[in-house]
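The block underneath contains the structure these notes are about, expressed in structure tokens.
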């Protein structure tokens, strides 16, 4: 039985996991660093890298013990090799390559974002293709997931990432780190319509997003208030979260339209299995403001008849740390259901950074014999389109 060991160290969680070829998670160890970074209100890269260096040996021992596995039983070692905080990425990647060399087992460099993108294939066995909203501390983008290593970014944030925005607003409100769960908790107690915040570029007609103006609006409101008590904090958190939900819902509709248009274009003009030329696609070839409304039922019947039915997937996936937010899951699920799609998110413990997703991405690459050289250079920036 094949067993893949995955290592994740791109931010502030040291994680190692072992999964089997049948997608069973034998062990999924995470050593968090929240206490080390809480005093700073955010992740300090140097502290994170040093903590990874201290934690990896213990994490490996724990994962082997819990899974009742010997190192010699491991078939391949997969490790996050970008994007992320480069110090931590280097530490984890070097650790993995050392194991690979010592055990004479294949090394597989994994793009952290691909790990998030494929998590639902580990948990729900979703087939390709599907539309993905990747929302995390460092990224926010809509992605057409057309196959392993075949990704097209339909739109992304042009400034701050969504998770980063949650953390910064939480810090403004003197909430603890990490800020996302604290905002969600406080929002349940507040009035989402108390304060009206801007929704930057919401009417731009594309899938791009902007959160810096929203963050600034929250800061300006806080500075203008004479008193910021618990009730005010709850209302600000609720209004902020409501605004985020409205932005994502609006952009989701644009993404659905563009995604289906891409499928229709490529699967009628390109041999999907051998020659999917994503590099040739330019978003400006498709004017969203003049597209047929393919989200309507009659149009979806047309789509089902216009290209191979096995390629029509009614699943939309939300992944990344922000996907753990139950409010946003509900809002986006209601939005997608209106247009005939179902929204799926990984279990909460697999939304945030973990090594099981890295091990699974490694399994898919292992099965396709997509191995990496031991001199693979870790990357601080690494787009899904450049894998």
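Backbone N, Cα and C atoms are what each Cβ position is placed from, and that goes for glycine too.
Keep in mind it's a predicted model, so treat the numbers as computed, not measured.
Swiss-Prot lists 112, 116 as binding Fe cation, and of 314, 353 the one it places in that same site is 353. Binding of substrate is annotated in Swiss-Prot for 134, 135, 136, 137, 138, 167, 180; the matching candidate from 28, 325, 334, 354 at the same site is 325. A coil conformation is recorded for residue 325 (substrate binding site) in the three-state DSSP classification, outside any helix or strand.
The Fe cation site, placed at the center of the C-beta atoms of 112, 116, 353, has further neighbours from the same chain whose C-beta lies within 8 angstroms: 8, 10, 80, 84, 113, 115, 136, 320, 354, 357, 358. When Cβ neighbours within 10 Å are tallied across all protein chains shown, the highest count among the binding-site residues 167, 353 belongs to 353. Non-local neighbourhood of residue 134 (substrate binding site): 113, 116, 117, 140, 141, 142, 143, 319, 320, each in the same chain, at least six residues away, with C-beta under 8 Å from its C-beta.
Taking every protein chain shown into account, 137, 138 are the binding-site residues, and of these the Cβ with the most other Cβ atoms within 10 Å belongs to 137. Residue 135 (substrate binding site) falls within a strand when secondary structure is assigned with DSSP. Within 10 Å of its Cβ, the residue among the binding-site residues 136, 325 with the fewest other Cβ atoms is 136.
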